[in-house]
Amino acid sequence: MPLSRWLRSVGVFLLPAPYWAPRERWLGSLRRPSLVHGYPVLAWHSARCWCQAWTEEPRALCSSLRMNGDQNSDVYAQEKQDFVQHFSQIVRVLTEDEMGHPEIGDAIARLKEVLEYNAIGGKYNRGLTVVVAFRELVEPRKQDADSLQRAWTVGWCVELLQAFFLVADDIMDSSLTRRGQICWYQKPGVGLDAINDANLLEACIYRLLKLYCREQPYYLNLIELFLQSSYQTEIGQTLDLLTAPQGNVDLVRFTEKRYKSIVKYKTAFYSFYLPIAAAMYMAGIDGEKEHANAKKILLEMGEFFQIQDDYLDLFGDPSVTGKIGTDIQDNKCSWLVVQCLQRATPEQYQILKENYGQKEAEKVARVKALYEELDLPAVFLQYEEDSYSHIMALIEQYAAPLPPAVFLGLARKIYKRRK
């Protein structure tokens, strides 16, 4: 009988370790106790695996993953201080041109203002995910000061990409506030000059990658990853705009299939796959299978995240979310309107048709009342539970050979979020 089958017969289930995993990590090193906490471990160096024993079926892994996710949920908080402190170095490096080229001094001053207004003030989840995943995937002895600086910098590149998208998106959506302050384009003296400012934010990504990573073997992979993520997100934004053109409310366009396509391209690739994939490349993990498996988990997380965002746009507290939602006024193909269309009676459909995509406050309120009449908040809460369980199952199935903690920290970070 093969060893793996015998182990399963006695209630021991195997998960592959990361490629670099040292013996002490498989055995539950104090540096990574959560991977094996509470369970007996069987490991041997040549097998490249760590094991957890249960007396129950493999389904127990799902509850174990929830527990380990809880234990790791503060890892983002642990990394946040160093990550945020690195921003001053990012700004300094990006504005050094002023000293060598005084003729562009006022443009560099504008760049500094753009960076400091638009790149900070968020939750930093995307950037921190790069750092957290890097620490999980890279051998501890290789996490020296230089490599950590590169990880922080790549994390900030993800945050700059996010800032670039948000500045442009706020203009297109006529948004009022972002991260608890007025949108950049709404500031006196900015206006549509914000379009160029958004382009500056994007250009900074590639300057930083060149300055910090050009001597690294993964440099080209990172360049291609950021370019591909930008393209995918902009395709998603195009789908979003085409589905809901201004002044033309067509509810027939708002199908679940269309919604999933928008979410996949506009949100999931850059918000979830990009940061984990960047850390994987930095750890030397560039195999197609490993990236494909990670993508299966992360794109599902991205859909989960965007549906939360759509719900919070209307039912969230602006003092908590930091923004005033405008999806109804902007005629957006959101999860709420898709769910409404699936449940509405002919009379309710007519109410939606007459009020959706309109700016008047009373019409917005009528749509919200319709959503509440259809009990969509309860539908969302049930979706949130079901989707989280599905994500846990995907982690169980596809995480290997990466440690599940790479995905669990991110999943726990967004589960039950309210901003």
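Using N, Cα and C of the backbone, Cβ positions are placed for all residues, glycine too.
Annotated isopentenyl diphosphate binding site per Swiss-Prot: Lys123, Arg126, Gln162, Arg179, in sequence order, evidence recorded as experimental evidence. Feature annotation from Swiss-Prot assigns Mg(2+) 1 binding site to Asp169, Asp173; the stated evidence is experimental evidence. What Swiss-Prot records for Asp169, Asp173 is Mg(2+) 2 binding site, and it gives experimental evidence as the kind of evidence. The feature dimethylallyl diphosphate binding site is assigned by Swiss-Prot to Arg178, Lys266, Thr267, Gln306, Lys323, Lys332. Summarising the annotation, Swiss-Prot assigns N6-(2-hydroxyisobutyryl)lysine to Lys123. The N6-acetyllysine annotation in Swiss-Prot covers Lys123, Lys353 and rests on a large-scale study or a structure entry. Residues or ranges marked as site 'Important for determining product chain length' in Swiss-Prot (evidence: similarity to another entry): Phe164, Phe165.
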Dimethylallyl diphosphate site span - longest C-alpha distance across Arg178, Lys266, Thr267, Gln306, Lys323, Lys332, in Å:
19
Around the isopentenyl diphosphate site (Lys123, Arg126, Gln162, Arg179), what further same-chain residues have their C-beta within 8 angstroms of the site's C-beta centre?
Gly122, Tyr124, Asn125, Gly127, Glu159, Ala163, Leu166
Indicate whether Phe165 (site 'Important for determining product chain length') is helix, strand or coil by DSSP.
helix
Nearest-integer angstrom distance between the alpha carbons (Cα) of Gln306 (dimethylallyl diphosphate binding site) and Asp169 (Mg(2+) 1 binding site):
15
Around Arg179 (isopentenyl diphosphate binding site), which residues of its chain at least 6 apart sit with Cβ under 8 Å of its Cβ?
Gly121, Gly122, Gly322, Lys323
Between all pairs in Lys123, Arg126, Gln162, Arg179 (listed as isopentenyl diphosphate binders), what's the biggest Cα distance, rounded to the nearest Å?
15
Which residues of the same chain, at least 6 positions away in sequence, have a Cβ lying under 8 Å from the Cβ of Phe164 (site 'Important for determining product chain length')?
Ala198, Asn199, Leu201, Glu202, Ile205
Return the residues near Arg126 (isopentenyl diphosphate binding site), defined as same-chain residues 6+ apart in sequence whose C-beta is under 8 angstroms from its C-beta, sorted by sequence, else 'none'.
Gly155, Val158, Glu159, Gln162, Tyr270, Ser271, Leu274, Pro275
In whole Å, how far is Lys123 (isopentenyl diphosphate binding site) from Asp173 (Mg(2+) 1 binding site) when you measure between their Cα atoms?
22
Measuring CB to CB from Asp169 (Mg(2+) 1 binding site), give everything in the same chain under 8 Å that is also at least six residues away in sequence.
Ser175, Gln237
